[in-house]
Amino acid sequence: MKSMRIHVLFLFSLLSTIPHYSYASVNDFCVADLKGPDSPSGYNCKPVSAVTADDFVYSGLVAGDTNNTFKAALTSAFVTDFPAVNGLGVSAARLDIAKGGSIPMHTHPGATELLIMVEGEITAGFMTPFALYSKTLKPGDVFVFPQGQLHFQVNSGKKKATAFLAFSSANPGAQLLDLLLFGNALSSDIVAQTTFLDIDQVKKLKARFGGKNLNNHMSM
């Protein structure tokens, strides 16, 4: 019995040294107080006495405006939109892609993504250094994009396409390749040299995506 008690005490002492990465992991929930700072463990909790059932409902996943460069819209239910998901490791979004539109190559550094097809047709896929995994999806199909993998979605049908997305993080983050390459202040010649694109095409894309330093020299 004494030996067992020692082992139990050791286990509790070990667990007590493990850092808590989420306020919600030690509480039933932690509705975010967005007035405070964000942190690796999420936002501070709104006082429980101020929480109501309305905090756990989000009615914002409506069709987005696809009148833009990509002919696509992402309507999010991340922690900054839906504070109740704070610390719960989950969030959602709605994806609308007009005919001929696409979501360009991008990654979510902080989350795995699940795409659930609702309407139309989307060709989606992700890439590793060794392979491409791509599929044309119809309503009812589900596609998973592993965390951090470069992936895309293209409307390959003849009408609008709609899907709902689920993420394994309250704030998945996103890095769009087009914006990273052509929305920065890196000189056009450096971008051309590192992408093997024609310099004129790089300038055109920089102008389209709001990039700076279009001249053919390195900024000092």
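Note: Cβ is positioned from N, Cα and C throughout, glycine not excepted.
Sequence annotations record features per position, and here TrEMBL assigns signal peptide to 1-24. Positions annotated as disulfide bond by TrEMBL: Cys30-Cys45. What TrEMBL records for 59-203 is domain 'Cupin type-1'. Feature annotation from TrEMBL assigns Mn(2+) binding site to His106, His108, Glu113, His151. Marked as oxalate binding site by TrEMBL: His108, Glu113.
For the disulfide-bonded residues listed here (Cys30, Cys45), the lowest count of other CB atoms within 10 A around the CB belongs to Cys45. Ranking the binding-site residues His106, His108, His151 by other CB atoms within 10 A of the CB puts His106 at the bottom.
Averaged across the domain 'Cupin type-1' (59-203), pLDDT in this predicted model comes to 94. Residues in the domain 'Cupin type-1' (59-203) partition by DSSP class (helix H, G, I; strand E, B; coil) as 22 helix, 57 strand, 66 coil. All protein chains considered, the CB of Glu113 (Mn(2+) binding site) has 25 other CB atoms within 10 Å.
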